[in-house]
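Taking it in order: structure first as structure tokens, then the write-up.
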Amino acid sequence: MKNQSRVLNSELGDFDLSVLWDQILNFEGYGSYCFRPMDMDGYHKRSAGLNPCKHSGFSHSSRPMAPGIYRYPEVKSSLRRQVHAPVRILNSGRDRSTRQGSGNVLGTFLTRNNDMWKRNALDSSLRYRTDREVIDVDDELGDVEMISDDTSREGVENVAMEVDEVEEKAEMGNGLFSEVASLKNGSLRVGECSKANSSSLVVNRPVTDVTSFEAYRKVLESAVNRTSKLKDRGFVDFFKERGRALLRSLSSFWRQDEEPVEVVQREAFVPLSREEETAVRRAFSANDSNILVTHKNSNIDITGKILRCLKPGKWLNDEVINLYMVLLKEREAREPKKFLKCHFFNTFFFTKLVNSATGYNYGAVRRWTSMKRLGYHLKDCDKIFIPIHMNIHWTLAVINIKDQKFQYLDSFKGREPKILDALARYFVDEVRDKSEVDLDVSRWRQEFVQDLPMQRNGFDCGMFMVKYIDFYSRGLDLCFTQEQMPYFRARTAKEILQLKAE
């Protein structure tokens with residue numbers, strides 16, 4: 001090897017080997033590190049190693065370089081070069097050498113979000129951009145003749161005459177073009193449309209001078225079509241608004257129809273105040289012979305003994321029931337629109353009409369319902385209530401003129417067809433006697449009401465009967481239960497003490 005080096009040195013003469021090595025080392029195929037072989041000019045005693053070297057920009061020198069330069073080269077950051085080979089992806093797509101610092105990551109995050117926010121703002125502004133209607137007049141402008149400056153006056157006059165004809169047809173345009181008269185000068189300028197409609201009319205290219213009226217006709221027809229669409233839309237909006245108004249009126253009507261029912265039902269369960277409860281307790285503890293109230297029109301006196309039948313566990317007597325029937329009629333007279341027109345017989349009516357000894361006797365009760373006494377005929381009422389006392393049990397019979405049926409209500413759900421037969425016969429006789437009319441009730445239905453609150457003890461039958469009458473006279477369903485009987489007893493006592501049913 002040494003002999004070969006001497007021969008090579010003798011053949012090359014003064015050739016600088018450092019230049020040759022630099023050219024070899026700067027070859028593009030080498031990586032960031034290259035192998036330094038032993039030179040042939042006396043440097044073979046140095047051990048081989050990996051030394052960093054540059055790829056480009058190396059300063060070539062014509063002088064031999066000192067041995068220490070290759071062994072201890074200047075450390076400089078090499079320029080990164082794109083790798084043309086498969087690369088292993090590490091740490092979520094980046095190796096350790098290409099990982100960014102926290103500062104760069106934060107800067108990249110803010111920059112990326114800033115760009116994203118700008119794009120979103122731009123997209124939102126573009127999303128709500130309203131496209132204007134474009135009228136294409138290019139197809140019909142092929143035959144347009146341009147009017148030159150030296151156009152004869154006759155041609156201009158002919159154009160003006162045609163404009164007059166078009167103006168007569170343009171009246172349906174509702175004034176969309178306020179400057180049509182400017183066409184008489186011999187040219188049509190689309191830009192001369194009224195500014196009020198410039199936002200809704202856009203031509204896709206500027207048209208300056210047009211002698212043909214096809215463009216004008218197309219623009220005018222477009223305006224007319226748009227006007228008709230607006231009119232149609234206005235009619236639809238008007239129709240919708242009228243429909244909404246109708247629905248509002250109907251809903252208000254329904255509410256007006258429902259609200260009184262809710263108010264009346266609420267009034268049927270108004271609790272007693274502390275003062276009223278105290279007054280009722282004092283009345284229940286009064287002496288037996290102490291007259292608490294007197295109703296002058298009916299001549300009924302309520303003593304302490306009579307009122308105590310309204311205490312829980314007691315049977316109702318005739319005086320309390322009859323006075324309460326009178327109070328219900330007075331309540332109806334105070335507010336006739338709030339309650340049904342009813343007639344309330346007392347507890348002695350049916351025993352007079354049907355006597356166990358003589359049977360049915362209309363003459364016994366004929367004078368009970370005279371016009372002079374009542375001020376109205378029974379046939380003009382909605383309902384007629386007849387309390388029925390059967391030995392030790394109270395029930396209710398109703399002549400329902402409004403619904404044309406005879407009803408029987410028993411808190412034990414009993415049935416008494418004979419009672420309804422007697423009442424049907426009575427009503428026919430009553431109408432014939434007072435109105436001289438033969439009433440046919442053969443088509444009227446007899447109903448033994450089953451859907452009603454039931455009695456669960458042996459003493460509340462009278463209270464159930466009174467509340468049947470109260471709720472039916474209000475036009476309400478029987479929406480109460482046995483548990484509310486103590487409240488109804490106290491309320492009835494309060495109303496009797498006040499001589500006013502509520």
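Quick reminder: no glycine exception, Cβ is built from N, Cα and C everywhere.
As recorded in Swiss-Prot:
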type: ACT_SITE; residues: His393; note: active site
type: ACT_SITE; residues: Asp410; note: active site
type: ACT_SITE; residues: Cys461; note: active site
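With respect to Cβ neighbours within 10 Å, the active-site residues His393, Asp410, Cys461 differ, and His393 shows the lowest count. Cα of Cys461 (active site) to Cα of His393 (active site): a span of 6 Å. Distance between Cα atoms for His393 (active site) and Asp410 (active site): 9 Å, as a whole number. According to DSSP, Cys461 (active site) is assigned to a helical segment.
Look at His393 (active site): DSSP puts it in a strand.
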